[in-house]
Each structure stands twice: as C-alpha cells, then as structure tokens.
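Q: Take this structure first; my questions come after.
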Amino acid sequence: MAVNWLLAAALGKWLFYLSLVILPGWLFLRFISRDNDQTWLARAGLLFLVIALTALLASSLLLIQVGEINQRGVMGMFDPVMRDILLTTPNGTSLYWRLAGLLFWSLAIAGLWLPRLLLPLAVLGTVCLAVSFAVTGHVATLAGISQLFIVLHIVAVTAWAGSVLLLCFLLRPVPADELATEQWHDLFRQYGRLAVPVLAVMLISGGYLYIQLLGWSVIPDHAYHWLMLGKLVLVAMMLAVAARHKFRLVPDIQLALMSPGVDEPGVSLRQTALSRMRASLFVEGMLAVGILALVAIMTTFVGPQSLLHQMN
C-alpha cells in the first residue's frame, strides 16, 4: 500500500505539537493560579494520559521516518535495522530528549501534591522537551546563544498556546455562582499580567532566530516566505485577541461582579461576561491550532535551507 510519508509526517508533527503544548500550558496555569487545589488543575490521570499520548506521537514520528526511507509501505516503519540507525542520528537524539522530558514530567505529576518536587521536575521536563527541538532540523545548524534562544522560544510558545487551549476546555460549562466567577476573574487577571513577559520572550527570540537563519534577505515568491508570513499574521491575530481579553473582557467580568443583575431571563451578567470570554478564548485557541499546523507544514514540506539555496 502506497503511503504519502510527507503527509503522514506533517500530520504526526501537528498532533505531537498539540499534545506537547498541554504540559507547559498546564504548568503556566498552575503557577499563576492562587487556588492550587482546584480540581481542574489537579487531575493527575488526565495529565498522565497526555504524557503517554505525547510519548507515543514522538516515537511515531521516528517510525514514520523509517517508513519513508524504506518505501515498503506501513510495515517498512518497523524495520529494526533502519530504526537503530536513525536512533544514532540527530532525530534519535531529539527523541531521547523528548522521552527524558516526559519522564521528568511523569515524576512531577506523580508528586503532584508535593510542590517542592512538582515545580523543579516539571520545569526540567519542559526544558528537555524544548532542547529536543534545538538538536534537529534547520535550527540545529545554529550555535552558541542561538541554542538558548531556541529553548526560550519553544518554552514561551508552548506555555502560551497550551494555556490558551486548556482555558478553552476548562471554562466549560460557564459557572453561575459568584465565587467561581471571582476565581476565574482572578486567574484571568494574573494570566494577563504574566503573559506579557512570556509573549515578549516569544517575539524577541523568534525574531532573533529568523534573522540568524535567513538574515534580512527574503524572496517574495518562495513558499517558505509565504508560509512564514501566514504564521506571522496568525500570531498577530492571537496577540490582538489576547489584548482584547486583557483590556476589554477581563474588566467586563469585574464589572459584572460589581453589578449583580441579569442580562436576560435566567442568565446573570456574570455568566454573560464569562461566556464572551469563553467564545473569545475559543477563537484564540483555533488560531493557535492553525499556527501549529503551519509549523508542521513548514518543517515538513519546505524549510529555510531551500530558500537559502535560492538566494545563493
């Protein structure tokens, strides 16, 4: 059976990214939440499921590469000789870093109620996952401080995208009681305050890496250029939505808490304000999903190497 390995690789990367970002996103929300005993932040079983799924997808990416080299259909993915060879390459090194990071995350979640172990182990696991992106692909050609910028960029991106996707899921259903609304308002206010440095790190490191890879020269008709432009447009849209949260929707929630009225029969002003926030978070989450899809396409079908070759 013929297999489109490039398509399989792009799809596998996209699913891997979606699974991976949940862990740093959860850690970011856990860090900013003053109520660390909230059940939606303490479901160890679901986090272990995410870790297992991420490990499975990370391993599958290597098997897809084995199948692409063998060109013998699906069964070619399981060639032990080619698998062992790939494990000695940067792709294998990347997988080892990812599995090590997920192991640290497993230990962190196992000690969920021991904050002294949770934070350092989770941070170490997140750094290992970020390093896995620095040892393979086009960014592996960079050295020195650029490697640090890669790690910082991955940590910032995954924390932001993962926290947005988690908030989309967690704010369902919209709570009706005042205490829950106050907790959400406090979380969103803290989130808006701490997201600013995270976004600054993401933008500065991303811009630095782009310049290091390609310099200031671009070729307008190259596919990589257009995909990068599309990615930047989606990022700008996410930033605009995030700004709306901070300067419009969060103050609306605070105003609703101060005005105990109803927006329509059976629906309080608090519920209306939170419903608007949930809808806006969904939009931001879909933009994050789109960005991750573009990254999967860019790292599979095109890359800066082909653009640099055309420049030369």
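Keep in mind that glycine also has a Cβ here, set from the backbone N, Cα and C atoms.
Among the features that TrEMBL reports, domain 'Copper resistance protein D' is placed at 187-297. The transmembrane segment annotation in TrEMBL covers 14-32, 44-67, 95-114, 121-143, 149-171, 191-211, 223-243, 279-302.
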Q: Using Cβ atoms and a strict cutoff of less than 8 Å, what residues sit near the transmembrane segment (149-171) while being 6 or more residues removed from its termini?
A: 18, 20-29, 40, 126-127, 129-131, 133-134, 139, 142, 184, 191, 195, 198-199, 201-202, 205-206, 208-209, 212, 238, 274, 277-278, 281-282, 284-285, 288-289, 291-292
Q: Would you mind listing the long-range same-chain contacts of the transmembrane segment (14-32), meaning Cβ under 8 Å and 6+ residues beyond its ends?
A: 41, 47, 50-51, 53-54, 57-58, 60-61, 105, 118-119, 122-123, 125-126, 129, 155, 157-167, 187, 190-191, 194, 198, 288-289, 292-293, 295-296
Q: Which of 44-67, 95-114, 223-243 shares the most C-beta pairs under 8 angstroms with the transmembrane segment (121-143)?
A: 95-114
Q: Across the domain 'Copper resistance protein D' (187-297), what does the mean pLDDT come to, as a whole number?
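A: Across the residues of the domain 'Copper resistance protein D' (187-297) the model's pLDDT averages 86 on the 0 to 100 scale.
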Q: How does the domain 'Copper resistance protein D' (187-297) divide up by DSSP, counting helix, then strand, then coil residues?
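A: Helix (H, G, I), strand (E, B), coil: 93 helix, 5 strand, 13 coil.
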